[in-house]
Every structure is written in structure tokens, then in C-alpha cells.
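Record features (Swiss-Prot):
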{"type": "BINDING", "residues": "Arg22, Glu86, Arg125, Lys458", "note": "(6S)-5-formyl-5,6,7,8-tetrahydrofolate binding site"}
{"type": "BINDING", "residues": "Asn231, Thr250, Ile252, Thr255", "note": "K(+) binding site"}
{"type": "BINDING", "residues": "231-236, 250-256, 275-278", "note": "GTP binding site"}
{"type": "BINDING", "residues": "Ser235, Thr256", "note": "Mg(2+) binding site"}
{"type": "DOMAIN", "residues": "221-379", "note": "domain 'TrmE-type G'"}
Amino acid sequence: MKTDTIAAIATGLSNAGISIVRISGDQAFAVIDKIFQTKSKAKRLSEMDSHTVHYGYIVDEEEIIDEVMVIIMRAPRSYTMEDSIEIDCHGGITVTKKVLEAVLKAGARIAEPGEFTKRAFLNGRIDLSQAEAVIDVIHANNELALKNSMKQLKGNVLHKVKDVRHSIILDTAYIEAALDDPEHISLEGFSDKLRDNVIGSIKELSELINTSENGRMIKEGIRTVILGRPNAGKSSLLNLMVGEERAIVTEIAGTTRDTIEETVFLNGLCLNLIDTAGIRETSDLVEKLGVEKSLKSAKEADLIICVIDASTPLNQDDKEILEFIKDRKAIVLLNKSDLDSVIEEEKINLLTNKPILKISAIDQTGIKDLEQTITEMFFEGNISFNDEIYITNMRHKNALVEAKVSLEQVIVSIENEMPEDFFSIDLMNAYEILGTIIGESVDEDLVNTIFKEFCMGK
């Protein structure tokens, strides 16, 4: 690991109130002493107590660059567990760059992307899953994603994985000890105990794996396709949910010929709304391509909102759409409830078992019922999180699945009365795989790949 002193701008480079230039490494105080000056020219910062804030100026050969506040943190009580300095300067682009240039001129080098967090990981302050949570916190685009990332940052995934690994290593150690010293340590009856322990570990891993689909939707949003025949009111519904005229609305059927995507936030959930071309038989080549794209989007959706014009009788297009959504997560909306309805809910019920709601995109009625129904369809209506952690990282999910497969092989070996050393092979394989999640058994290339995704200064 590189132990030289690094520096970078930790905030977005723009005209703002303040910017932060971060320094970390064993020469951090030597660097700041060269460029920081107080009005009274009092003691150097290297002589000050840790976790204190100091007012003064950043200078370059006696020329004042900026008026700043400097925070000093001595190792190991810092983010990187190294001597660290944070310079709060004015937020202009030019002045921030000049401050960084002074820091580099004084002996620091520019940090690589994610190098501060990488040092926090390599120095043992956080594990690899927590390091990955840092970037998830930064990129979180909704409240639930932020809450889940913070739980991971606090070590929830770490603790669950460590508990399973601890159980595995205890069983492995006992087997190895018994094989080395059979006169004093007996394996008689151990298979039953091992089976119970492994089944418990498989259950723990399965529970984590089963959260990954909801985890994906928390992180990326619920892919929600608005489907229906032309002029059913799909674009009006999109505009209503988005809160602005995002899609063109006319009385001419087939106005929307391509998908339109927008993101809305609903009770902490992120919905990626997709307005699609109306579904109908058509000879128009462009419209036909739009219909095909609509159906493709619907097949990939987490949720389909099927919009039916309640002011006109059901036609064959409506019936085919209802058949299409039969085995998918969907809601049926009877739109244009402001007009006289000619469709009976009982007839719709015969064609689908999906929730049916009345709505008027024009009068903006029924939207609250729609929002409540969507909330209830995901996370069992409970999105307060409590103590649950959702797996949002595909690397973590794949490792959990691989570890589970190895543990299931242990059960197979027990049932087939295989020699005990066979148990150890699969147990240790699961142990090592789980170690890749928290960084206890991971190669350098993977670590470097993960941290390259970070921004400069983090």
C-alpha cells in the first residue's frame, strides 16, 4: 500500500459557498505547515491538538491565496486512520484549484479516485462492503436507497456475513482438529450437529439473497410501464404523476410512438415511469415498431399500470392487454371516471385478478389510491426498514449464492456419508467466498476495480 501523502478536492468543483480540499498521510502536517498562516503567526498546526479548527490563510510564497478554516485530525482518529487535514476554502473554481496547487507544491500528490476510502479499508477502519456503501450513499437517488446504504455503511452486512463465517470456521476447526488427533477428539455424532449448523447458515444466506430483488428496486427504482390501447389516457397519467406536461396529449390515437421515461418519488420509493405507444393492431410501420417496443418494455417491467378508457366499451385490444398482464405484477386503472362509465368492474374481474382502481387523469382524482396501492404491492407495504438490510450490490449477491451452493454441497456429503475431510473442503470454500464480500479474502485487482468507481477526493 502506498503511504505517501495524498490530496484532492473533496467537493464538487463549482461556484459554491465553500469547497473542501482534503489531505491524508504521514506528511500531512508538514504540508499544511508550509502553506497555512494565521494573522498572529502563532504556533504551527503540527503543534495543535487533534480535532480542532483553525482560522487563517493559505499562502504561496507569502502571497495570500484564500481565507480558510482548517480542521486537523491526527491518526488514528480520522477517516483514513492517518494524519488528515481538511481545508475549508471559498467555493470558487479558480480559488479551489489554487489551494490544491499549493498543497501539491508543498509535497502532497494528487489522490487517485477513491484513494481516501481505499486507505480507510486497507487500514482496517471499514470493511469492503462498507467501502462500497460509501459510493452508494453518494449515488443514492431516493430516501430508501440512502437509508439502506447507511445501514450497510454502519456494518449490517458485515455483521451478518461475519456471523455465518464464524459458525463455518468453528465447525471446520473442529473437523481438522479431530482428523489430526482422533485419539482425543471424536467425530462420532458430529455430522448431525454439523448438519444443523449448516442448515442454519444456509437459511441466513437465503434470507439475504431473497432481499436482492427488492434491493435492486430500492437502488435503481421500480421499472413501471404504463400500458394501454391508444387514447386510453396513458400520457395524461404520466403527466399527472410527474407533475408537468412531459408527454403530448391529443385526441388523435397513436400520438405516442416511442417510450417516454420519467422518474418520480412515491413515499420514499423511486418509480421509473415509462409511457408507451398504444397497443393495437396497425399497418403503420413506425407505430408498429412503437408497439413492439412497448411490449418489450412491459415484459421487463417490475410493475405494469394498465390503463383502460372506462368511457368506451372494452375492445379486443383491451382484452389482449389484460391477458398479457395476467401473470405479471400489475394494476388496472379505469380512466376517465369523470365521464359516464360504460364498463362494469365485474366484467373486468372476470378477465383479471389484478387490483382495479378508478381514476381521472383530467380531474386528478384517484391518484392517492394509486399511490397507496403501489406502496402496498412492494415491501409488503412496509417501507420503514426497521432493522432489515436489503442486498443492492450484485457482487455481494453472487458471492452469497456461491457460498450457499458450497454449503448445500456439505449437506449432500453428509447425507451420502462421505469422509469428514470432504466437509472441510466445501466449508472452507464457502468461508473464502463470503470473505470476498467484506474484503478478508479478495485479490488486489478486485479492490482496485471497486475503488476506481469512486470520485476524486473520496
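Note: Cβ is positioned from N, Cα and C throughout, glycine not excepted.
This view paints the features noted in Swiss-Prot onto the structure.
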| residue | record | Cβ contacts under 8 Å, 6 or more apart |
| --- | --- | --- |
| Arg22 | (6S)-5-formyl-5,6,7,8-tetrahydrofolate binding site | Ala7, Ala8, Ile9, Ala10, Ser84, Ile85, Glu86, Ile87, Ala111, Phe116, Gly457 |
| Arg125 | (6S)-5-formyl-5,6,7,8-tetrahydrofolate binding site | Pro76, Tyr79, Thr80, Met81 |
| Lys458 | (6S)-5-formyl-5,6,7,8-tetrahydrofolate binding site | Ala10, Pro113, Gly114, Phe116, Thr117, Val134, Ile135, Ile138 |
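Mean model confidence of the domain 'TrmE-type G' (221-379) amounts to 80 (pLDDT, 0 to 100 scale). Asn231 (K(+) binding site) sits 10 Å from Ala277 (GTP binding site), taking the Cα positions as reference. Across the binding-site residues listed here (Ser235, Ala277), the residue whose Cβ sits among the most other Cβ atoms within 10 Å is Ala277. In the structure shown, across all protein chains, Lys234 is the one of the binding-site residues Glu86, Asn231, Lys234 with the greatest number of other Cβ atoms within 10 Å. Taking every pair among Arg22, Glu86, Arg125, Lys458, the residues recorded as binding (6S)-5-formyl-5,6,7,8-tetrahydrofolate, the greatest CA to CA distance is 19 Å. Mapped onto three states, the DSSP output places Arg125 ((6S)-5-formyl-5,6,7,8-tetrahydrofolate binding site) in coil. Ser235 (Mg(2+) binding site) and Ala277 (GTP binding site) are 9 Å apart (CA-CA, integer value). Reduced to three states, the DSSP call for Glu86 ((6S)-5-formyl-5,6,7,8-tetrahydrofolate binding site) is strand.
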